[in-house]
Structure formats: structure tokens, C-alpha cells
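Participant: Would you mind keeping the following structure in view while I ask a few things?
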């Protein structure tokens, strides 16, 4: 337990970082075990509220894969994945809208309100916040889309009114006005890019990019863009890490200052990443 002096020193240590990020937009993709564990969920929400309280402008983007699968199971409708993406037929897209625009989104908003923050829940269909087109691939994915446009004014208005935007990753078709399921990492990256955010943070269930996935001491703390192709060729960046890295790279090329892949299983990982020299994830810039 910290004594009073040590607590004061922690706050003083954080001051330069608070000053650095004050007024800056930081997009947090919220997912993984941090959404499932009640304890972790509360620490993430408190981190986000604290960011807002000290003048940082957080935007929360979320998926809801486990909840979508759970509801589909209860409807006796099979979940099917193709290359890591959920095949989204007519029934599935209805469930996606209910979960991402309803249950998960509103639960996060109510939790933020419970702990003293102010939040507004949105999905990409609200005010045409997110426009998308169908992903064309060799294997038909159904109503799975890629974002073509972000209505930044909705987010800026929400922020300037003192609220934390909480965005569910479902979008409106640019041509057919139908709902499209969007990968949450991609959604967060597109929003960060459109707003030229200071930081993009992807919460996940691994510490970051590691040379040896079984050895935390091999965590790569910082990555420059030019180093990434070599790590892919060496097989260090592989599997599910590849699309996350791709999201970060795209965001940086579109004007985001830095992107971080962060272990959401670590309590207060967002604050540890933002308010210390060392950070705890893999920062890409």
C-alpha cells in the first residue's frame, strides 16, 4: 500500500504526460478478456473516465464477438468464420445490430455513468456515422463491410459537449442502406485516422509483439514502420497479430501519431501505457 507521499509522487510523475495529451483524441478499441471479466471491465472504464477528467478526449470503439455468438447459439443459429471474419447472413446481421447497437453498447455507457463519467452510445448507423461497402473476396462473407467514410462531426460534437463516445462497430451501407458488420480493430483504426487522433490503442489478450510468444521478456516495446516487413518475413508477426498490425500501420500512415497493441488483461494498462516512459505494450510509430 502506498503512503501519502508515494501517492503524491505518482501524480507528479504523471503530470508531464497529462499535459502532453491534454486536448488530444485517443481512440481505444475495447475487446478481449477486458470485456468479459467484471474486474477488468471496471478498471478499463475507470481509466477512460480518468482520461476524460484530466482533459484527454477518449473515444471507445467496441465489438462484441462472444455476445453475438452467445445469442446466435440461443437462436440455434451456427456461427461460421472465414479467415477470421464472421460470416454474416440475414439472421446474423440482425443479431449484430442488437448486440453492438444495443446490449454491449448500452452496458458500457451505463458502466461509465455508474462510475461518474458521461457517455453517449452510438453505432455506425446513427447519423450515418460510419459508411461502408461490402467486402469482396473469393469467399462470400455476407454482410461484412469495410468503412469508406467516417462522419467526424458527430464524434466532435459529442466530445465537445463533454461526453465520451462509445461506438459499436456496425456501419451503414453506402449504396444499399443496409447494416454491415465491421471488424472492431479496423473500425477503431478508421475512426482514429479520420480524426487524426494522437493515439490508437488496441486492447487485446497478449502483451504485444513478442519474439518468443512464450517469453514476456522478448516483448518488443517499440516498432518503427520500416521494421515490420522483416518481422513478418521472420514469422515473429503472424496469425491474428497480422491484421492488428495492419490496422496500426494504416492509421499511422493516415496521420495518427502512434498506435499501441496493449494487454487488456493487465489492470489499468491504459494508464500505465500513457503515463509512463516505458509503457507496457508494443508501440508502433
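The backbone N, Cα and C atoms fix where each Cβ goes, and this holds for glycine too.
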Participant: Of the candidates 41, 86, 199, which one does Swiss-Prot list alongside 64, 65, 181 as binding substrate?
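Facilitator: Swiss-Prot lists 64, 65, 181 binding substrate, and from 41, 86, 199 it also lists 86.
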Participant: Expressed to the nearest Å, what is the distance separating residue 64 (substrate binding site) and residue 244 (site 'Transition state stabilizer') at their Cα atoms?
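Facilitator: Distance (Cα to Cα, whole Å): 17 Å.
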Participant: Within 8 Å of the Cβ centroid of the substrate site residues 64, 65, 86, 181, which other residues of the same chain have their Cβ?
Facilitator: 63, 68, 69, 88, 96, 99, 100, 169, 184
Participant: If you count Cβ atoms within 10 Å of the Cβ of residue 86 (substrate binding site), leaving out that atom itself, what do you get?
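Facilitator: Residue 86 (substrate binding site): 23 neighbouring Cβ atoms within 10 Å.
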Participant: May I ask you to report the DSSP-based helix, strand or coil state of residue 244 (site 'Transition state stabilizer')?
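Facilitator: DSSP call for residue 244 (site 'Transition state stabilizer'): helix.
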